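*Asks:* When I checked TrEMBL for this same protein, it listed these features:
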type     : residues : note
TRANSMEM : 28-55    : transmembrane segment
TRANSMEM : 76-93    : transmembrane segment
TRANSMEM : 105-124  : transmembrane segment
TRANSMEM : 136-158  : transmembrane segment
TRANSMEM : 178-196  : transmembrane segment
TRANSMEM : 203-220  : transmembrane segment
DOMAIN   : 209-359  : domain 'O-antigen ligase-related'
TRANSMEM : 226-243  : transmembrane segment
TRANSMEM : 250-269  : transmembrane segment
TRANSMEM : 343-360  : transmembrane segment
Amino acid sequence: MNSVYSHNYINKFFFDKITKKNINKLNQIVFCLWAFSIFFSIFNFVFYIFIFISLINILINKTYRYRINLKQKSPYFYLIAFILVTLISMIYTEDKHYGVKQLEKILPLFLISFIGLFSGNLFFDFKKALKYNYYGLITLVIISSAYTFYFYHFKYYLGIAQVKGFTQINFFSFFEHRLYVGLSILMITPYVFNSIYYSKSKLNKVSNIFLLFFLFYLNYSSGARILIFLNIIILFFLLLANLKQYFNKYFVILGIILAGLFIYLMISFHPRTKLTVELFKNNISIEKLDDRVVIWENAIDIISENFFVGVGLGDANNELTKSYKINNNFYQLSNKFNAHNQYLQILLQSGIVGLLFFYFL
């Protein structure tokens, strides 16, 4: 009987070891796959596969039993606090039905915070995931460029030119929402900077520098231009630090001047810049330049009256719609636009309290 017991124990021991090893490996593979596919909304389901496998991993390894390190896990606590504040706003919101529908957007945040808190000592190779995120970026550049030039070659100009009333080259026409793609690109740019700085290959350095310039041009059409200019300043100092050890200082200065000239030409000849300058020259209101200004003005008026706790998760868009109607903003009213700014949207929903928890993330 002892031999049978020992045999079962050995089988269970090896089965547990193999299972844990395989699930950890699978978890890491899906994590990298999610990092790669994050630019493409059609592959959003990969995130939920990652969550599902992570939950199984937590159950098999029983990491939920481990003591939570408050200091190490603080970002996940702030995320939980932000979710709770948003949920509390459901108490005083009038449109409960719409509020419940908005809770679907909070679910991924809750799942991430849960896995972050209870993953214990499970190892996620973030460095490897960043590398796959970079590969996804390269794929995005190839697909969007090929798609754009294909339409241009066959003279389907509207496929690349007409975007929300602006006549401009839009390399993101392949994607459903160019702003989300642009934000994903901005999030990976620090990794590209890191690759430029630490790469020992001059070819890699030069390739990534050209990639950054191209990304700046792509993103210039999709907003976040302040961040783009900050990135250019960082790139300036990065080039200075990298080049001075290889070349005479006069060549470095010349290179920086040429790089600055290239950036100036890239921005000044961009269709969006030319249109912006033209509108200002003709004294056209900034509201004509970007309809989001009207949206933000309405949002700020509502926030000023509900500064501390907002109007609630269910009423944020309803209050904006009422404001559009009062101010005769018919275009915004017909499209029922939200705040078109994450910080303003949070202030609308849960006030400064919600924004503070979001900030500490």
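Even glycines carry a Cβ here, placed using N, Cα and C.
Remember, predicted model here, so these are calculated numbers, not experimental data.
Context for these features, please: burial, neighbours, distances.
*Replies:* For the transmembrane segment (28-55), the list of distant contacts is 108, 111-112, 115, 119, 122-125, 128-130, 132-133, 135-137, 139-140, 175-177, 180-181, 184-185: same-chain residues at least six beyond its ends, Cβ to Cβ under 8 Å.
Residues of the same chain lying 6 or more positions beyond the ends of the transmembrane segment (343-360) and with a Cβ under 8 Å from any Cβ of it are 75, 78, 81-82, 85-86, 88-89, 296, 299-300, 302-303, 306-313, 316, 319-320.
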*Asks:* Give the nonlocal contacts of the transmembrane segment (76-93) in its own chain as ranges (CB under 8 Å, at least six residues past its ends).
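*Replies:* Beyond its ends, the transmembrane segment (76-93) has Cβ neighbours at 70, 99-100, 103, 106, 109-110, 112-113, 116-117, 309-315, 349-350, 353-354, 357-358, 360-361.
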